[in-house]
Amino acid sequence: MLFNSLEYFIFLPIMFVLYWFVFNKKVTVQNALVLAGSYYFYGLWDWRFLFLIIASTIVDYFVGIMIENNADERKKQKLWLWVSMIFNLSLLGFFKYYNFFVDSFVDMFQLLGYQIKSTWTLQIILPVGISFYTFQTMSYSLDVYYKRIKPCRDFLSFATFVAFFPQLVAGPIERASNLLHQITNKRTFSYEQTAAGLKLILWGLFKKLVIADGIAPIVDDIFMHYETYSASTLILGVTLFSFQVYGDFSGYSDIAIGTSKMFGVELMSNFKFPNFSRNVAEYWQRWHVSLSTWFRHYIYIPLGGSRVSKMKAIRNISIIFLVSGFWHGANWTFIFWGGFHALAYIPVYLMGRNAIYKDSVVGENTLFPTFTEIGQLILTFAIVTFSRIFFRSESLTDSFNFIGRIFNNFSYEHYVHPNGYRMVDYYILLAAFVLYEYRIRKDERSPFKFRSKAVRFVAYTLVVFTMLLFYDSGFDRSFIYFQF
Amino acid sequence: MKKLVKNLVIYSVLILISLEILVRIFYLGEDKPSRFVDEKRVEKWVPNQNGYNVTGNRNQNFIRYNINSSGFNSYQEYVPTDDGVEVALVGDSFIEGFHQPYRVSIGRKVENKLHDEVKVFEYGYSGYDMADQLHLINAYKEDFDLIDRIYIKVKFNNDLNRGEYFVQTSRLNLESPLNKLLKKSKLLVYFSEIGVLDPVRDLMKDVKNLAKGGVSEKTETEESETDQQQLDSTYLANFKSLVSLYGFDKKKTVLLIDVSETSTVFLDYLNANGFQYLDFGNAINNSKRRTTLVYDMHWNNYGRTLVADIIKNDLVTSGLAKNPETE
């Protein structure tokens, strides 16, 4: 079930009404409803893969308890932690990476001059959201192991924590320390929280339906036929892809966070206006925050983080970016994408500028950014956008050909929309979007923060009206991050 | 909770009203002309109405239409006479031409190309099939007897689904009091045009199919596609039935068809029985320039010019008009 489908707009109010009016007496009953709803929500894609979620839930539930039960024996605790890691990584390894390893193995032998026929590759369907919920359950076992949280002994609550439908298929990847206690405790209805949730859902839908889906046919066309387009069109294509992937994923996250709010649950922020980052380090503090912090807590810091020698710190940075790339997909393009970001991040780290923008936003105390800040924003956006050529291309060959066409034969040509629409509509739309996001840049959870009710009403109306102006009924409206 | 429900209702209503106003200000929703069945049981547009046809979310195609006193979209009134050369173009939405300025329609282009030596009356109506077309010609026999040449646009796979004319209630249901009321809201018309209501319609269809026992329409289509030969013979039988019921003047009536999309069974029948036809598919499909509109599949100005050329050449060949190039 997609967030931007009619089914969801029937499902959500039904769940809301049942949750607050029918099953509102006991938290266990509410959780049972949410769990059943979550399994239904997921099962509409492919009910067979529900068993993977249930299996992951059972394994980590028992691992958590066993780690606590063996409090005096660290070795046994470690063994139980390994059970969780091996189980979850095996799921990922099989469903997501098996064919990639087999193909890479065959390619490597062929490079060495041995001809092997790949007979081991399998027809495997990637279960939606597997990278998200396996990381969530692993983080739970790790947190129990490192004594950051107590294990959950209520199976129903734990299963609800793993399968909570708003964030099940594409995050935010929650930590048990943030989400689990909200699931186990009684929730109370709050008008302010629900209204804030509805506003986020509206803003998320706008980003998905207008920004991402509006641009998608142009991006698809340019990347599919890049051999026939000039450099200016290729630059346009990858720039628009930057907006598309941002609109798509942050739109999804906003809807997820907004939906959770409607059920009295606060999820962590996943996007904090990454297009207004002044360097690559700040970008990673603002883009897909739940994944970045996951890697930071569970890989980067255990490896020593930045409190080690410079060389080791550079190694650690490289590792998390390469792993992050690999997390996105079983393709060398993603690993290159991660490697490129490591190369862009390391100079920032060496100059000691990786944490200087941690607690501020661009134009912190001014209406407009300074010229220096504008330069920083453009440079960061250009670096990040360039990396997306690897992210979007089908193969490394395509990526390098794409880049080659930009640099070897620079020329300008007028681009015509594949469906004949006026391109100027999209340029105006994006300019307005960037300006509006700049206005709200200090609070990603309040996209309609206006004192005047009338202004707020005008904003809602314009958002809905623009959604109609750019609605495309013939477009496949799935989310990009579902493939990960 | 009461506050939430109250505010949701108030905001929703106010937003809908604002959207209705915005849609009207920017003229995003098209004007839907009214249709009716006349005293001769011919379905057509209510005479003497005009408005704007709009295509695309953002008003990308904005065309004025003008329904004349005969109930068809045209710049002129249809008064066939004994004098002069008069031509009729009968067909569906391609001939109706709501997607084009009515002053540069196919008929008008033919007239211009022949220096107004002929008059072209366009009897186009969205959804007309062969039964509608032959019934129209038969119902208005006195008028069509005065017309010198009749072109009927036919798509073999679409327009021969029935062997007898009857009034299509599904189209006329659009004139039900409820639909008339709904049409008053430009916002609803706009929703419908851009596909916002499609998921709702699909869901209702699915629910209906489920209630019927789970037979989806898709399956029926898939099954029917498996026996094309049988379909071809059904279409041909329908054609024969229509011709025998409503008549067909082979001397002056010409079918406008896309040969590349027409069954050879039908073409063989036409050739063997002296039916005249013109192929517009060759010119349209092999054109190096785009022949259809950007926002839908109807012919654009260039496509219409190509079709007008074909008709003009036929009129010259048949001796009804002089070749303007040799004058």
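Glycine is no exception: its Cβ is also placed from the backbone N, Cα and C atoms.
According to TrEMBL, the feature transmembrane segment maps to A:6-22 (among others).
Through the fold, the transmembrane segment (A:49-67) approaches residues 39, 42-43, 76-77, 80-81, 83-84, 87-88, 91, 95, 127-128, 130, 133-134, 137-138, 140-141, 144-145, 151-153, 155, 158-159, 162-163, 168 of its own chain, all at least 6 residues removed from its boundaries and within a Cβ separation under 8 Å. What TrEMBL lists as transmembrane segment is A:49-67 (among others).
TrEMBL lists A:79-98 (among others) with the feature transmembrane segment. Here the transmembrane segment (A:79-98) has Cβ contacts under 8 Å with residues 52, 55-56, 59-60, 63, 66-67, 70, 121-122, 124-127, 130-131, 134-135, 137-138, 141-142, 145, 329-330 of the same chain, all six or more residues outside its ends.
Annotated transmembrane segment per TrEMBL: A:118-135 (among others), in sequence order.
The transmembrane segment annotation in TrEMBL covers A:313-328 (among others).
For the transmembrane segment (A:373-391), the residues of the chain that approach it from at least six positions outside its boundaries are 238-239, 241-242, 245, 274-280, 282-283, 328, 333-334, 336-337, 340-341, 344, 362-363, 399, 402-403, judged by C-beta separation under 8 angstroms. Here TrEMBL flags A:373-391 (among others) as transmembrane segment.
The transmembrane segment feature in TrEMBL is assigned to A:457-475 (among others).
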Outside the transmembrane segment (A:457-475), six or more residues from its ends: residues with CB under 8 Å to it: 202-203, 205-206, 209-210, 213-214, 216-217, 425, 429, 448, 450
